[in-house]
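If you check TrEMBL, you get these features:
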- 331-335, TYR371, 374-381, 493-495: FAD binding site (BINDING)
- 161-170: compositional bias 'Polar residues' (COMPBIAS)
- 676-687: compositional bias 'Acidic residues' (COMPBIAS)
- 688-700: compositional bias 'Basic and acidic residues' (COMPBIAS)
- 710-719: compositional bias 'Basic and acidic residues' (COMPBIAS)
- 720-729: compositional bias 'Basic residues' (COMPBIAS)
- 11-145: domain 'Photolyase/cryptochrome alpha/beta' (DOMAIN)
- 156-194: region 'Disordered' (REGION)
- 617-729: region 'Disordered' (REGION)
Amino acid sequence: MSPKSASASAARVLYWFRTDLRLHDSPALLKALDLKPAAFFPVWCWDVNYVLRHRVGVNRFRFLLESMEDVSRSITRTNPNSQLLVVRGDPISLIPSLCKKLGITHLCFEQDVSGYARSRDESIRKLIKEQCKGVEIVEEQGHYLYAPQDILEKNGKKPTMSMSSLQKAVSSLPAPPRPRDAPKTLPEPLLPGQTSVKDRLSVLKGLAEALSDLPHYKLDDTASTLDLNAASAGGDRLPDPAKGRVSCYDTVFGPDDDAAERELDALFGVPTLASLGMDAVAAGALAEAVIKGGETEALRRLDVLLARKAYLATFAKPKTSPAQPADDPATTVMSPYLKFGTISIRRLWYDVQDVVKEYKGKDKTTIPENYEGQLLFREMYAVGELALGDEYQQIRGNKISRYMDWYLPNVYDDAGKRIEPRPRGDKASERRLELFVQGKTGFPWIDALVRQLRSTGWVHHLGRHSLAAFLTRGQCWISWERGSELFEQWLLDWDPCSNPGNLWLSCSAYFSQYFRVYGVASFPAKYDKSGSLVRRYCPELKDFPDKYIYAPHTAPIAVQKKANCIIGTDYPFPMLDEKEEKSKCLARCKAAYGAGFYGTSKEVLEGKAEAILRKAHGQPDPEMPDTGSAVSKANLIPDWAKPSVGVKEEGDGKGKSSTPAGKEGKKGKKEGHHEDEDEDEDDQDPDTADHDDDHHETVKPKAGKARAKGAKEELESPPRKSKRQRTSK
């Protein structure tokens, strides 16, 4: 909405920070300042929905708090009498109340058309209209290069299912505006009737008095609310009732009991981790974040990135290594900063383009694998989420998500309402999920990735691929909805569009070449045969020879003893038979693709699809994991893990040289897939994969390729990790 012209004496602006924790190139902020306001209140609402009803782990909370503190300092540097004013509670009641009490004429914010924000903002618009006569709402798109609703319109009101459809849709839209600098000045936060202020402390004191009767959200008021971040729900809050208590809502504007300052300076301050009932180390995170939040850090990282001209010009996401840690990544790790808006997408887009144009060398990369392509994936998923709404986060009712008979899916009552907390499913799958969450599957590559993710909030996008595929259609056959929840909790860069979109690894949408499966040992060995990431995050395995680092259960007992790590005792035996489960999952995928069910299919909505598919593929339910079985059997290696006949075992003095750990012997091809073909990024994401642009085609693989019967086959890049999740990982 375009603001009406306002005289300097008339406009009183409440600027609501949300997905834009920065001062540079913020379209909504600049539009607010164009009003030449007499009073300007930079506000953040510490939303109870985000604290209790979204899965947010300690790493992302810490990143957010650091980002809030940083923008508050920037505001104070720009105007010493101002800061980020944090109020705590439900924005649906707080924002209209603030508008009335502060005499606001214009409520300004960055547009957010995704997830929970849609319903929240619609409620606030309605209340402002009803309760705050004369208050104008000013919204500006600034979180994406293009407004998702504009792309959706250009794409025939259908989700963009491929990079080609996205590019076609945006081709007729105006180019994104060039970025603008941060404002040099910010108006004073003047209360009604004030013409000047003494200093920031007097401002805070006056605000506290004027807003003393703001609606106070109390946790006791919603005792039945499910706290998704409670320890009992698998969240990162401390299990101790006292230490794990959410105390940030004890007051409307602080301070917290453990705030560094207890006087006026702490009023309207940023909450603390302790007030969220969380402790970083206790939750398994590092004591100090490797990836720090804030606009200042984002711009510092951008400067470092722009100095690497050749790197940016030849950047190819599929070629980067997933085996490098968060403190020495192969990619740019800008996605968390885009998620919270501490870096402008337009600033990143154009600064990178300008540097690449100056590069005169060879091997320049192009969309989708280059840096621009990574940013565009983020736009693609945003359009998908906007088109489908809340159903984008689940299978039921989701017209682009294939239905597969996953274990541990969402559960619904007879009226179709989702049951929360989710009733437990079969014991074997629940145990598999628990071991996965703990990083104790017995597969070092998987365990190292989980442990890295839980400690830092980040893993490389190919690491995310490995985790998502293993949990879903690779080996465990657990619903992508569970994987989506885990990534929601653990990732720094989670957002409601890219996160479900990136579960394309389950072959439920966007991508259909289900016969390509990551090897849990052979895939990481392509990038790092020495297993440095495993040695770092699974230190119990640090002394294993390179040969066994990705498959230590295949090492002779003498090697295990020498490494001071007995498999089944000091490190778990694999929780499942990798090849056997892979074969079962392929059969299940084939049956699901043959049936052609989607989240909107009648059989799915009536609850009949699961039985139909299980009868079709005939695969048994999973067996209970036994991660200690090797020890009780005197280190008996199961048949599936044994080396091929004639291959020399370390120390046996016989046969030929040994195959590298995890290297699978060729057994030929099973019907419809490559038996031992591991997905690497070149197999998974290049311009040879097909897409589900026609949402309801049946794909039947032949001769190693998935074909969509009666559907248009797109030879474009299948979603690799979306920008937000991918662009900068």
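Please read every residue number as a count from 1 along the shown chain.
Cβ coordinates are placed from backbone N, Cα and C, and glycine is handled just like the others.
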Winner by Cβ contact number (other Cβ atoms within 10 Å) across the binding-site residues PHE377, TRP494: PHE377
Other CB atoms, at most 10 A from the CB of MET380 (FAD binding site): 28
Other C-beta atoms that fall within 10 angstroms of the C-beta of THR331 (FAD binding site): 23
Arithmetic mean of per-residue pLDDT over the domain 'Photolyase/cryptochrome alpha/beta' (11-145): 98
For MET334 (FAD binding site), the number of other Cβ atoms found within 10 Å of its own Cβ: 26
